[in-house]
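Undergrad: Sharing the record's features from Swiss-Prot:
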| type | residues | note |
| --- | --- | --- |
| BINDING | Asn78, Asp145, Ser181 | K(+) binding site |
| BINDING | Tyr160, Asp178 | (6S)-NADPHX 1 binding site |
| BINDING | Gly351, Asp485 | (6S)-NADPHX 2 binding site |
| BINDING | 454-458, 475-484 | ADP binding site |
| DOMAIN | 29-235 | domain 'YjeF N-terminal' |
| DOMAIN | 249-548 | domain 'YjeF C-terminal' |
| REGION | 1-241 | region 'NAD(P)H-hydrate epimerase' |
| REGION | 77-81 | region 'NADPHX 1' |
| REGION | 149-155 | region 'NADPHX 1' |
| REGION | 249-561 | region 'ADP-dependent (S)-NAD(P)H-hydrate dehydratase' |
| REGION | 417-423 | region 'NADPHX 2' |
Amino acid sequence: MLSRISERCTAVTGLEQVLCRHVWSAAWLRDAEPAAAASQSIDLSCLMERAGLAAYDVFASLYASQRHWLILVGSGNNGGDGYVIARHAREAGRKVTVLSMPHSKPLPTEATNAQHAWQAVGGTETMINPGTSLHLPTDVDLVVDGLLGTGISGPPREHYEEVIRHINALPVPRVAIDIPSGLNAETGEAAGACVKADHTATFICLKPGLLTGQARDYVGQLHYRSLGLEEWMIAAERMDAALCRRVALGDVYGYFSTRRSAVAHKGSCGKVVLIGGDHGFGGAILMSAEACLTIGAGLTRVLTRPEYVAPLLTRCPEVMVTAVETETSGQLEQQMVEAFEWASTLAVGPGLGTGAYGQAALSAALQQAEMHQDKTLVLDADALNLLAERLHSKEMGAAVGAGKYLPVLPNSIITPHPGEAARLLACRVADVEKDRLAAARRLAAILGGTCLLKGPGTVVHCQSSGKTAIVDAGNAGMASGGMGDVLTGLLAGLAAQRMMHDTFDTTCAAALVHGVAADMVAAEDGRGTRGIRATELIPRIPFIVNASVPSSATQQRPSGL
C-alpha cells in the first residue's frame with residue numbers, strides 16, 4: 001500500500017538518497033561552495049555549469065514536449081544558472097526567450113561567465129523595464145524561474161513582485177531553479193509574491209525553506225541533485241554541519257524494521273493512560289484511544305467523564321475505561337497517582353476542556369510526571385492551552401521570574417498547532433509561522449522535553465539532545481478536526497512500546513505514521529485530499545507499522561543529528 005505514495009523529493013544515486021534525508025542551512029552552503037568546488041578541482045563557474053545542466057536535465061525530462069521555454073534571470077547566481085539552462089535548451093533545438101532583470105551592480109563573476117557562454121552560442125536576452133507592461137510571446141509553454149536564489153529574506157522588490165505575479169498568472173507549467181523566487185530558503189516564509197512552481201530542482205543539499213513554512217504552496221515536486229559532490233557531502237565534517245534531519249516516506253522501513261518478539265505479551269508491549277473527554281468532547285478521547293490501540297500498545301486505559309464510558313467500550317472494547325465523576329473531591333488526583341504507577345506513558349489533552357476538570361488533570365499530571373521522570377508524558381490540545389495560562393499567569397509572576405513554576409520533564413512531548421504554539425510563546429501565529437524551526441526550539445524549552453510543532457512540514461525538536469527534524473509527509477486533507485487527537489494516540493502508543501532509540505525518534509516516527517496514513521487515504525482510487533476524516537487514518541496504521549522492507553531498500557534506522 002505504501003507503493004501508491006510518491007516521494008516528495010526525488011534523488012538519483014544511493015548517496016543522494018541518503019543526503020536528501022538531511023538538511024543544511026542556505027547560509028552554510030554559500031560559505032561551503034568554494035571548498036566544494038575545490039574538492040572537485042574545479043572553480044565556481046564549473047560548479048554553476050553542473051547546476052544548470054542538472055536542472056536542465058530534470059526539466060527536459062519532465063517537459064519533453066514543451067518547445068518554447070521562457071527563462072527569467074535575476075542579477076545573482078540563480079540567474080547564472082538560468083543562462084546555463086538557456087544554452088542547453090537552445091542546443092537541444094528548443095526555442096528560448098530570456099528575460100533579465102535590471103541591476104545596478106555587475107553580475108557575479110560566475111553569472112557573467114554563464115551569460116557570455118549563452119551569448120557565444122547566439123543567445124540574446126531582453127531586459128525587463130520596471131514600470132512597463134510585460135509582453136511575452138504567446139507560444140511560451142514553460143517558464144523557468146531564475147530570478148532570486150537562496151539569499152533572499154523579506155519580500156521581493158517591487159519590480160520583482162510584478163514579474164512574479166505576472167508569471168504566476170500564465171496558464172503554463174512553471175519550474176524553479178534551487179528555490180522558488182520569493183521563498184525564504186531558511187524558513188519557508190513567503191513574505192511577498194512567490195513563484196508557484198510545479199517542480200523545483202535544488203542542488204548540493206536540501207534547505208529548510210524547501211520543506212516547511214509555506215513551502216508546499218510553492219515548491220511543487222522537489223528534485224535533489226548533488227552535482228557530483230556526494231562523497232564530499234557525506235564526510236563527517238559536512239554531516240556534522242547539517243541543521244536537521246528530513247524524515248520521509250522511506251524512513252518507515254527503518255523505524256519499523258524490528259518485528260515484535262514472538263514471545264511478547266500485552267504487558268511487555270506498553271501500558272498507556274489517556275486523560276481527556278470532558279463534557280461535550282468525547283469524540284477526541286475516543287479517537288486517541290483507537291489510534292493508541294492500532295499502533296500496537298499492549299494495554300490502553302482511559303480516564304474520562306461517565307457519559308463516554310459506554311461509547312468508548314462500544315467502539316473500542318479492548319480499552320479499559322475509568323469514569324471521572326468529579327474533580328473537586330480529590331478523586332481525579334488519586335486516579336492520576338494510580339495511573340502514573342501503572343502506565344509507562346500518559347497523554348493528557350484530547351477533549352480535555354479548560355474548565356475545572358482540565359485544570360485538575362493538568363496539575364496532577366505535571367506533579368506526578370515530576371515524580372516519575374522515567375515515564376513519558378504527552379500534552380496536547382487543551383492541556384497546552386492550560387499550560388499557556390500557567391506560563392503567563394500574572395498571579396505566578398514571581399515564580400515565572402524564578403523559573404520554578406513548571407517542572408523540567410525531559411521525557412515530555414508537547415504537540416502544539418501554530419495557534420497553541422502562539423499562546424505558549426505569547427506571540428502571534430504569524431510569528432510562529434515566520435520561523436517554525438526557531439519556534440519549535442523555544443517550545444521544547446518550556447518543559448525541557450520534545451516539541452512537535454504541527455503544520456505542513458511538521459518540526460520536531462528535542463531540548464536535551466538538540467536534535468531537530470522536519471517530517472515531510474501528510475497533506476492538506478489533514479486540516480480537519482480530530483487529526484491531532486489521532487496523533488496523540490499514536491505518540492502515546494508508540495512511546496509505551498519503547499521501540500525507538502529515544503523520545504525524539506519516537507516523536508518523529510509517530511508524526512511520520514500520521515502523515516503517511518493521510519497520504520495513503522488521499523492516494524486511494526484518486527480520492528484526493530478534500531474531505532479526509534481523522535478516523536479514516538486509523539485503519540491504515542497497521543499497514544505502515546508492519547510494512548515489509550523492500551528487497552531493494554537500503555534504509556537504516558533513522559537517527560537524529
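The backbone N, Cα and C atoms fix where each Cβ goes, and this holds for glycine too.
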Undergrad: Other than its close neighbours in sequence, what residues sit by the region 'NADPHX 1' (149-155), given a CB gap under 8 Å and a spacing of at least six beyond its ends?
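TA: Counting only partners 6 or more residues beyond its ends, the region 'NADPHX 1' (149-155) has Cβ contacts under 8 Å with 26, 29-30, 74, 76-78, 161, 177-179, 181-186, 191-193, 207, 209.
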Undergrad: Hey, what's the Cβ neighbour count for Asp145 (K(+) binding site) at 10 Å?
TA: 30
Undergrad: Applying the rule Cβ within 8 Å of the centroid of the Cβ atoms of Asn78, Asp145, Ser181, what extra residues of the same chain belong around the K(+) site?
TA: Leu72, Gly74, Gly79, Gly82, Gly146, Leu147, Leu148, Gly149, Ala176, Ile177, Asp178, Ile179, Pro180, Val195
Undergrad: Give residue numbers and ranges for long-range contacts of the region 'NADPHX 2' (417-423): same chain, 6 or more residues beyond its ends, CB-CB under 8 A.
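TA: Here the qualifying positions are 381, 384-385, 388, 429, 431-433, 439, 443, 453-455, 484.
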Undergrad: Which sequence positions outside the region 'NADPHX 1' (77-81), separated from its termini by at least 6 residues, show Cβ-Cβ distances below 8 Å to it?
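TA: Beyond its ends, the region 'NADPHX 1' (77-81) has Cβ neighbours at 48, 51-52, 55, 100-101, 107-108, 110-115, 146-150, 177-178, 181.
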Undergrad: Quick one: Cα separation, Gly482 (ADP binding site) versus Gly351 ((6S)-NADPHX 2 binding site), in Å?
TA: 10
Undergrad: Identify which of the binding-site residues Gly351, Pro456, Gly482, Gly484 has its Cβ surrounded by the largest number of other Cβ atoms within 10 Å, counting every protein chain shown.
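TA: Max Cβ neighbours within 10 Å, all protein chains included: Gly351.
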Undergrad: Sort the binding-site residues Gly351, Ala476, Ser480, Asp485 by C-alpha distance from Asp145 (K(+) binding site) and give me just the closest.
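TA: Among Gly351, Ala476, Ser480, Asp485, Ala476.
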Undergrad: Do any of Asn78, Tyr160, Asp178, Ser181, Gly351, Asp485 (binding-site residues) have a CA within 10 A of Met478 (ADP binding site), and if so which?
TA: none
Undergrad: How many neighbouring Cβ atoms, not counting its own, are there within 10 Å of the Cβ of Asn78 (K(+) binding site)?
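TA: Taking every protein chain into account, the count is 25.
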Undergrad: If you run through the region 'NADPHX 1' (77-81) with DSSP, how many residues end up as helix, strand and coil?
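TA: Tallying H, G and I as helix, E and B as strand, the rest coil: 5 helix, 0 strand, 0 coil.
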Undergrad: Could you tally the C-beta atoms, other than its own, that fall within 10 angstroms of the C-beta of Asp178 ((6S)-NADPHX 1 binding site)?
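TA: Excluding its own Cβ, Asp178 ((6S)-NADPHX 1 binding site) sees 25 Cβ atoms within 10 Å.
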